[in-house]
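Chemist: My questions all concern the structure below.
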Amino acid sequence: MQAALEVTARYCGRELEQYGQCVAAKPESWQRDCHYLKMSIAQCTSSHPIIRQIRQACAQPFEAFEECLRQNEAAVGNCAEHMRRFLQCAEQVQPPRSPATVEAQPLPAS
């Protein structure tokens, strides 16, 4: 969970910040009053191109991390290495290049 939260904070930080402020401001009713902000985080994480790439490229280390957490519920610190591997993988994923940023290559002379 912590690894996923770190990735979410990196790429959907604005949404996460707004949700956190709402929860802090409405301690009695945050579940109801801040639900739409929670949904905006979900929308960001499901649609952000880099997060989609991370989910694909780093599925194996993330699954290993989740499995470690299940096996070590009472001692999640035992999973620090698994989390480090996932975050290391996530950091290596490059954002997709949009067609506008790809430089045109000259055609070879014939």
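Count begins at 1; order follows the chain as displayed.
Using N, Cα and C of the backbone, Cβ positions are placed for all residues, glycine too.
Okay, so Swiss-Prot annotates it like this:
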DISULFID  C12-C44  disulfide bond
DISULFID  C22-C34  disulfide bond
DISULFID  C58-C89  disulfide bond
DISULFID  C68-C79  disulfide bond
DOMAIN    9-52  domain 'CHCH 1'
DOMAIN    55-97  domain 'CHCH 2'
MOTIF     12-22  motif 'Cx9C motif 1'
MOTIF     34-44  motif 'Cx9C motif 2'
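Map these features onto the structure and tell me what's around them.
Modeler: Listed in sequence order, T8, Y11, C12, E15, I51 are the same-chain residues six or more apart from C44 (disulfide bond) with CB atoms under 8 A from its CB.
For C22 (disulfide bond), other Cβ atoms within 10 Å of its Cβ number 17.
Its Cβ placed at the centre, C58 (disulfide bond) has 22 other Cβ atoms within 10 Å.
The Cβ neighbour count for C68 (disulfide bond), using a 10 Å radius over every protein chain in view, is 16. For the recorded site, C68 (disulfide bond), the DSSP three-state label reads helix.
For the domain 'CHCH 2' (55-97), the model gives a mean pLDDT of 88.
Residue counts for the motif 'Cx9C motif 1' (12-22) by DSSP state, with H, G and I taken as helix and E and B as strand, are 10 helix, 0 strand, 1 coil.
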Chemist: Can you grab the distance from C34 (disulfide bond) over to C68 (disulfide bond)? Cα atoms, rounded to a whole Å.
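Modeler: C68 (disulfide bond) has its Cα 31 Å from the Cα of C34 (disulfide bond).
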Chemist: For C12 (disulfide bond), list the number of other Cβ atoms lying within 10 Å of its Cβ atom.
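Modeler: That number is 20.
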Chemist: When a 10 Å sphere is centred on the Cβ of C79 (disulfide bond), how many other Cβ atoms does it contain?
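Modeler: The answer is 21.
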Chemist: Tell me the Cα distance separating C89 (disulfide bond) from C79 (disulfide bond), rounded to the nearest angstrom.
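Modeler: About 16 Å separates the two Cα atoms.
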